[in-house]
Structure formats: structure tokens, C-alpha cells
Amino acid sequence: MTTSGLAHRVTRTAILLALMLFAIVPLLSMFTTALAAPGSTPQGLSWPSDPHWHNFVDAWSAANLIALFRSSALIVLGVVPATVAMATAAGYALAQLNVPFGRAIYGLLLVGLTLPFEALITPLYYDLRSMGLLGTRLAIVLPLIGLLMPFGVFWMRAHFLGVEPALTEAAKVDGATTWQTFRRIHLPLATSAWSALSVLFFLASWNQYLLPLVLVDDPTKRTVAGGLGAFQGQYGTDTVLLCAGSLLIILPSLVIFLIFQRNFVKALMQGAVK
């Protein structure tokens, strides 16, 4: 190995280690803080002399996380499958089919990516109130589907544009209809793309905080992120239980990411190669 090659490898490794520490150190700090004595204010990454593992049980009970986990699961089940299915179909149509005014439709969808999320809260509130949906989980599910669709279509269209046109032509020669071509050829090839998109939409739905806070009054119908407010009082914040509750909340997201990590990385690598 040449000197320049060795230097490049060392530099690359150092950058990766720095990024890894940048991501892991905050989690380690939260973990050590979550094990500190209740009511204390720990500093740094020092391991407590007497770890209080029951803090996680206390945080689970104080924030009523069992109800919030159930509510978040219902919201995720309402948002992710519907949004991924519609985004996949729309992305395929805009990339592979000769849709009238397809470019104009895609341009309007891209405009949705530029709209500030916070600017839509007030009109959403009045629209949902007029429809009688305010205070229900549908007040979270329906806006999330609409807000996530532009990115979903953008993501899936980029994938379908990279598929060789020869595959579609071969299917047409064999007498396959448009639906058969999509279901039997393009959809299986897009497994990594829509799996990665599902993970992203899961994270966006699971960690949603602003919409449930504004549109739903009942705390048990919100997402788990809203449960962190249970550790914030008028005169202070219970930092120990806040960190314990935060770790419990991010645990499902971490598990989902680890399960679908291979598909997620594969989708990103496909985009890089294309």
C-alpha cells in the first residue's frame, strides 16, 4: 500500500470514528443520566456509583407509556402502509407511464416539499374542526399522509427512473398488462426502496410531536413523544426520568431500523450507483 493510500485510509477511518462518537456520546450521556439518583442533576458521562434501574419503570408509569405506545402504534399503522402504497403507485406512474400532465403534477408535489410544516398547523386545525375530526387520531393520520406523500413520491419516482426500460418492454412483448408489469416486475425490484421509505415514514410518524399536541386534547391519543411532557413541571424538569423516558421512546425506532438496516443501506447504495 502506498503512502498516499495509507493516509487516505487513516483519514477515512478517523472521520468515521468521529461521526460514530458524535452519534453515540449523546446516547451514552442519556443512559448514564437515566441511572442516576432520582431528582439529581448528573454531569457528563460518569457512571453512577449506585445505578437506579427502577428509573425506567418509574418513567414508564409516570408518562403512561403503555397507552402512548398503543396510540402511536395505531397512528403508525394508519399512516405508513397507506402512504407507502400510494407513493409507490404514484412514483411508478410518473416514472414509467405516459401520464398526461405528469411533469406538472410532479412539480406540484415538489412544491409540497418546500412548504413549512408549521405554516399548515392553523389551517389544518380549522379544517379538521369543521369536519368533526378534531381530537381524534384521524386528525393526526390524515394530515401526516398528505404531508409525507410529496417526499414519498419523490423517493419512489427516483427509484423507478433507474429501472431499465428493457424490462418493461419485455413484459409488454409477453402480453403483460400495466398492472401485471408493476406487480410482478417493478414492485419486487423496488423492495429495498419502499422498505427504506417505510422506515423513514415510521420514524416520522412515531416521533411526531407538533401535530398531536395541537390537534388532539386527550394525551392518551397522542404519540409517545408527547409523553415527555410528563417530566416537565412548572418549576423544573426531572432530568433523570426525562432521559429514562426518552430512551424507552426511541427503543422501538432503533429496533425497526436495525431490522430493516440492510434494505435501507441497499436503497441508498442503489441511488449512489445510479
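Each Cβ is built from the backbone N, Cα and C atoms, and glycine gets one as well.
Database features, via TrEMBL:
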{"type": "TRANSMEM", "residues": "60-93", "note": "transmembrane segment"}
{"type": "DOMAIN", "residues": "69-260", "note": "domain 'ABC transmembrane type-1'"}
{"type": "TRANSMEM", "residues": "105-126", "note": "transmembrane segment"}
{"type": "TRANSMEM", "residues": "138-156", "note": "transmembrane segment"}
{"type": "TRANSMEM", "residues": "187-206", "note": "transmembrane segment"}
{"type": "TRANSMEM", "residues": "239-260", "note": "transmembrane segment"}
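Taking pairs at least six residues apart, the transmembrane segment (239-260) and the transmembrane segment (60-93) share three or more Cβ pairs below 8 Å and count as touching. Just going by CB pairs under 8 A, the stretch in 60-93, 138-156, 187-206 that sits most against the transmembrane segment (105-126) is 138-156. Distant neighbours of the transmembrane segment (60-93): 99, 102, 109, 137-138, 140-141, 144-145, 148-149, 152-160, 182, 186-187, 190, 194, 197-198, 201-202, 205-206, 208, 219-224, 226-228, 230-231, 241, 245, 248-249, 252; these residues of the same chain sit at least 6 beyond its ends, with a Cβ under 8 Å from one of its Cβ atoms.
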